[in-house]
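Have a look at the structure below before the remarks.
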Amino acid sequence: MSATVAISTRHDWSLAEVRALFEQPFNDLLFQAQTVHRAHFDPNRVQVSTLLSIKTGACPEDCKYCPQSGHYNTGLDKEKLMEVQKVLQAAAEAKAIGSTRFCMGAAWKHPSAKDMPYVLEMVKGVKKLGLETCMTLGRLDQEQTRALADAGLDYYNHNLDTSPEFYGNIITTRTYGERLQTLAYVREAGMKICSGGILGMGESVDDRAGLLIQLANLPEHPESVPINMLVKVKGTPLAEEKDVDPFDFIRTLAVARIMMPKSHVRLSAGREQMNEQMQALAFMAGANSIFYGEKLLTTANPQADKDMQLFARLGIKPEEREEHADEVHQAAIEQALVEQRDSKLFYNAAV
């Protein structure tokens with residue numbers, strides 16, 4: 001495939017075409033992916049996000065990979081929704097270490113009417129700190145998506161996880177169609193989409209291709225595409241799955257980059273298990289976003305200083321964020337914290 005064809009943005013990928021990408025010689029695939037990447041991004045910049053679990057454990061969904069599912073005994077303590085003030089403090093800390101986007105995740109099937117006011121205050125407060133905002137709260141209806149958009153939410157994360165054909169082997173409590181419907185509501189409300197999947201759940205190469213086809217053939221590509229490596233947690237049904245071959249993982253990143261040339265492809269969960277050489281290959285394959293911080297929801301992540309050391313060795317710099325002058329930014333932080341301290345929502349957020 002020529003570089004010109006590879007760089008074009010398409011929404012009509014076939015399984016045969018994507019299989020052909022996966023089957024290319026490794027060096028040819030990486031060269032094509034890097035060519036596409038350079039056409040749309042600075043190859044030496046990586047977007048940095050921080051992810052916080054704002055409500056942990058006891059999720060009613062039965063996702064076989066997830067330690068937060070109430071269906072499995074993983075030893076994870078159930079926690080109520082975090083206080084708004086504590087979320088804002090965590091966001092300020094994330095900004096201080098260089099994150100430009102703050103992602104908040106709740107272990108819900110869907111947010112309740114009782115919880116939505118607190119969630120909306122979190123969005124508003126984090127926005128005032130000068131950070132992009134992202135949330136993952138489960139399935140949404142139209143009213144909830146509009147409320148989140150009105151509060152200023154930039155991104156909504158709702159992963160498809162795998163191909164439609166393999167999906168039923170992993171999750172039975174939510175349909176694939178429901179996931180696609182939530183993404184449609186998010187797009188209709190004017191928010192950006194973060195959606196990807198997980199490798200290492202026992203899926204085939206065709207399933208990996210099928211996942212990417214679903215994402216790339218959406219009317220608009222997701223702005224962010226997280227590619228996760230399964231983190232095997234004792235007590236979950238997938239705890240004994242075979243490790244993903246590192247080259248297969250890199251191939252998937254490269255194919256995602258080629259199919260969705262303008263999207264940020266995020267090297268997401270499982271990075272703690274990757275050595276520096278594998279991470280360097282991931283950036284060569286077109287990955288240009290990471291989660292920054294020592295924990296992703298409930299699983300380990302490389303420490304921030306290790307990431308910065310690796311970036312320095314590779315000549316990579318974090319993507320810069322647009323922000324006000326320091327004194328204006330500091331005033332915004334202080335004002336957001338004061339407003340939350342005076343709010344009824346501050347006192348009741350964990351009830």
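Every residue number used here counts from 1 along the chain in the order it is shown.
Each residue, glycine too, has its Cβ placed from N, Cα and C.
Per TrEMBL, these features apply:
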- 44-262: domain 'Radical SAM core' (DOMAIN)
- Cys59, Cys63, Cys66: [4Fe-4S] cluster binding site (BINDING)
- Cys103, Cys134, Cys194, Arg266: [2Fe-2S] cluster binding site (BINDING)
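When the alpha carbons of Arg266 ([2Fe-2S] cluster binding site) and Cys66 ([4Fe-4S] cluster binding site) are compared, the span between them is 19 angstrom. Across the fold, the C-alpha of Cys66 ([4Fe-4S] cluster binding site) and the C-alpha of Cys103 ([2Fe-2S] cluster binding site) stand 18 Å from each other.
Across the fold, the C-alpha of Cys59 ([4Fe-4S] cluster binding site) and the C-alpha of Cys103 ([2Fe-2S] cluster binding site) stand 18 Å from each other.
The residues near the [2Fe-2S] cluster site, meaning same-chain residues not in Cys103, Cys134, Cys194, Arg266 whose C-beta sits within 8 angstroms of the mean position of the site's C-beta atoms, are Ser49, Leu51, Arg101, Thr136, Tyr155, Asn157, Ser224, Pro226, Ser289, in sequence order. Contacts of Cys103 ([2Fe-2S] cluster binding site) defined by a Cβ separation under 8 A and a same-chain sequence distance of 6+ are given as Ser49, Thr50, Leu51, Leu52, Thr133, Cys134, Met135, Thr136, Tyr155, Asn157, Cys194, Phe291, in order along the sequence. DSSP classifies Cys66 ([4Fe-4S] cluster binding site) as coil under the three-state reduction.
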